[in-house]
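Okay, so here's the structure we're looking at.
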Amino acid sequence: MAQNKANTVSQLQSLKNKSGKSYNQLAEETGLTNVYVAQLLRRQAHLKPETAPKLKAALPELPEELIHEMMKPPLRSYDPNIIQDPTVYRLNEAVMHFGESIKEIINEEFGDGIMSAIDFYCSVDKVQGVDGKDRVVLTFDGKYLPHSEQKTEHMVSRTRPLEKQ
């Protein structure tokens, strides 16, 4: 399965490179975020049927068999060696360094819970800082999910009789 994914990703990346379009251009043409387009082309996200025609219009050489492959639920995984890439390493370092403070602020603002990475939007933007130098803006926009108190009366398996085998 991993080899099939690697082959698909290689084909998708080749098509993107051949198109000469950036992730931002593809995002604009499809109505998706730039990161989601990158996730699609890395088989880390699921191509929805209503989005497939937009992606096909943005990448006209995208063959139907790859579109059908992209519409299957992906194997969301990563190569553990990717952490050695300096950009990925620094992202991980930033999350680890700021994570505890971010968690504390989420809890202070929302209560005991987490930010979803399922109902989640992510984008990368380029802005100029006050010093005129380029800056990277990462936006993580996740739904807040409160932790629930585990009451037995809310536990579906306990609210109806268990079937005997």
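Cβ atoms are placed via backbone N, Cα and C, with glycine included.
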Residues flagged as region 'Disordered' in Swiss-Prot, choosing from 1-20, 61-80: 1-20
Nonlocal neighbours by CB distance (under 8 Å) for SER116 (active site), same chain, sequence gap 6 or more: GLY142, LYS143, TYR144, LEU145
